[in-house]
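**Student:** Heads up, here are the entries from Swiss-Prot:
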- 1-44: region 'Disordered' (REGION)
- 55-79: NADP(+) binding site (BINDING)
- SER188: substrate binding site (BINDING)
- TYR201: active site, proton acceptor (ACT_SITE)
Amino acid sequence: MSDSNLTNPIKAFFHDEFPEQYQEPPGLQKNMKPVPDCGEKSYKGSGKLTGRKALVTGGDSGIGRAAAIAYAREGADVAINYLPEEQPDAEEVKELIEAEGRKAVLIPGDLSDESFCQDLVKQSHHELGGLDVLALVAGKQQAVENIEDLPTEQIYKTFEVNVFSLYWVVKAALPYLPEGASIITTTSVEGYNPSPMLLDYAATKNAIIGFTVGLGKQLASKGIRVNSVAPGPIWTPLQISGGQPTENIPKFGQGTPPAPLNRAGQPVELADVYVFLASENSSYVTSQVYGITGGIPTA
């Protein structure tokens, strides 16, 4: 028998039923029950990103928050983007980044606006003194059971936030990105196995896969790598603010189909992948998608 202190992954994080809950979108992480684990108390860095300059969209909560915290603890200065309504969560992230002795830049705004995306990149580059990591995590997800009830306005907005903003941010950032820079997008298991109530969201996540693979090939000659992360059911404000029907929240991650690990993932469980893809440890990795799904297939 091994003497190592291993943990059963089924029990590594919260694995009971969640309380039924709902917040008006976009929702605040600080008001969730339980509050998602983004590594605030557990993530320990080792200098993998010393001196780097990162922009993280959706950096106030959930997966983006976990990436921002990890980047700071690995030695990077970090700019985060979020919606103005998410300011309370963003202020917490700012404190966590600055506690590591790193610079934190808060830039609220709506990614569905192309001009804002351009300004976001310019401000990030100016205030950080450079830019060499784009972690594009922000997303919009609203469940609608029947296509007849899916508003055209929602379809447009979901594509603008989830897909169009990637084009706008990357186009604005390319003049600043040096050789060795890394672009990380965020797709989803929904891009491979769509839920019937997430037609617009799933379509955007499939589009992100094509965008990532193609852009990685296009930018390889410039020495810029492009990869994506495909989360499974992760406990974030996206889920409790309309991303899932309220009645599905208690068994989120345990529903149909369930993750084989039979629980929702926590944002901190993706942090190492965002660090790896930003760091030189992934120097031979581009145009790839990394699934962090609790065992749900991505093929």
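Just so it is clear, glycine is given a Cβ too, placed from its N, Cα and C backbone atoms.
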**Student:** In angstrom units, rounded to an integer, how far apart are the Cα atoms of the residue listed as 'substrate binding site' and TYR71 (NADP(+) binding site)?
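**Tutor:** Answer for this pair: 21 Å between alpha carbons.
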**Student:** Other Cβ atoms within 10 Å is the metric here; tell me which of the recorded positions TYR71, TYR201 scores highest.
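**Tutor:** Of TYR71, TYR201, the one with the most crowded Cβ is TYR71.
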**Student:** Name the one residue among LEU55, ILE63, TYR71 whose Cα is closest in three-dimensional space to that of TYR201 (active site, proton acceptor); these are the binding-site residues.
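**Tutor:** Smallest Cα separation from TYR201 (active site, proton acceptor) among LEU55, ILE63, TYR71: ILE63.
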**Student:** Just jot down the residues in the same chain as GLY59 (NADP(+) binding site), at least 6 apart in sequence, with C-beta under 8 A of its C-beta; none if empty.
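**Tutor:** Counting only residues 6 or more apart in sequence, the Cβ neighbours of GLY59 (NADP(+) binding site) under 8 Å are ARG65, ALA67, ALA68, VAL78, ALA79, ILE80, ASN81, TYR82, ALA90, VAL93, ALA135, VAL137.
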**Student:** At a 10 Å cut-off from the C-beta of LEU55 (NADP(+) binding site), count the other C-beta atoms across all protein chains.
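**Tutor:** I get 28 for this one.
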**Student:** Specify the count of other C-beta atoms within 10 Å of the C-beta of ALA79 (NADP(+) binding site).
**Tutor:** 26
**Student:** What's the number of neighbouring CB atoms sitting within 10 A of the CB on ALA67 (NADP(+) binding site)?
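**Tutor:** Taking every protein chain into account, the count is 35.
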**Student:** What does DSSP assign LEU55 (NADP(+) binding site), in three states?
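**Tutor:** Strand, per DSSP.
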**Student:** Counting by DSSP, what is the helix, strand and coil composition of the region 'Disordered' (1-44)?
**Tutor:** 3 helix, 0 strand, 41 coil
**Student:** Check each residue in the chain of ILE63 (NADP(+) binding site) that is at least six apart in sequence and keep those whose C-beta is under 8 Å from its C-beta; list them in sequence order.
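**Tutor:** Looking at Cβ-Cβ distances below 8 Å from ILE63 (NADP(+) binding site), excluding near sequence neighbours, one finds VAL137, THR186, VAL229, PRO231, ILE234, THR236, PRO267, LEU270, TYR274.
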